[in-house]
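Enquirer: Provided herewith is a single structure, encoded as structure tokens, for subsequent inquiry.
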């Protein structure tokens, strides 16, 4: 490296680059969504913990999804909110890399947890007689733990490759957080290896699991159509359609973000996609997948009735 090159110690997050009045509006809007994300997922966690009827594999995975969603949003949104009301929109380099690591780790964990939830529904509907044998507590614990451990290890691989690069500028990131592809642009060296590893990892984490999900749901659809009871068929369709909606929203936006050609969308559209699956998707999960669920509603009524009678 040339002697006149200097290592950057802080990064400027350009954010949304809008008028100050609009920044205040966005601050209030995003703060509301972030608060609802924490509240909605927190309610789900509390209900699953308090109500023994929800101590089933499906809701164990759902509790992990709620934790991931809260962590996922909290890795980026607080700094984004702070930058919307601060004149100096900077972040030190070490916290920037930490933010990249946490964001990647939680994103990968969410992908894998969604796949585990799909597997749980597949076993419940296609192999109902063996469900309690296949999806026992030991299996659920191993599957959930594997999701978390593998996700953080894969994120660590990306961060290790990033830290091998020399960072001497530019100092600005045209994003509202330290998104990994934006961090690549800070390096004053060839990042093709990083980009290849990121693309390969995205294909492995996004395309592969999504194909498994779609194949599983084809089997689930066939099994549902064979159910004789109309009520049972409606309940199965309701649960599975909710999960498929969540999977489609998350995987679809992530695939467009990380695997579509660069020329297909501008940096501003990339920010909107990032905003969707870092802020909007975590609030949609409890609404789509839980709060419309009769068992969750019943658990909420029981908890409120218990509190009222005390």
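The backbone N, Cα and C atoms fix where each Cβ goes, glycine too.
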Enquirer: In Swiss-Prot, is residue 267 on the same membrane side as residue 19?
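Expert: Both on the same face of the membrane, per the record.
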Enquirer: Which of these ranges is annotated transmembrane segment in Swiss-Prot: 139-157, 158-176?
Expert: 139-157
Enquirer: Name the residue among the disulfide-bonded residues 96, 188 whose Cβ has the smallest number of other Cβ atoms within 10 Å.
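Expert: 188, out of the disulfide-bonded residues 96, 188, has the fewest neighbouring Cβ atoms within 10 Å.
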Enquirer: Near the transmembrane segment (57-78), which same-chain residues lie under 8 Å Cβ to Cβ, leaving out any that are not at least 6 residues past its ends?
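Expert: Residues packing against the transmembrane segment (57-78) from afar: 30, 34, 37-38, 41-42, 44-45, 48-49, 99, 102-103, 106-107, 109-110, 113-114, 116-117, 120-121, 124, 135, 137, 139-140, 144, 147-148, 176-177, 278-279, 281-282, 285-286, 289-290.
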Enquirer: Which stretch from 25-48, 100-119, 139-157, 272-291 shares the most C-beta pairs under 8 Å with the transmembrane segment (236-258)?
Expert: 272-291
Enquirer: Taking a Cβ cut-off under 8 Å, which residues six or more beyond the ends of the topological domain 'Cytoplasmic' (49-56) line up next to it in the same chain?
Expert: 63, 295-296, 298-299, 302-303
Enquirer: Same chain, outside the transmembrane segment (25-48) by at least 6, Cβ under 8 Å from its Cβ: which residues?
Expert: 16, 18, 54-55, 59-60, 62-63, 66-67, 69-70, 73-74, 77-78, 80-81, 84-85, 279-280, 282-283, 285-287, 290-291, 296, 299-300, 303
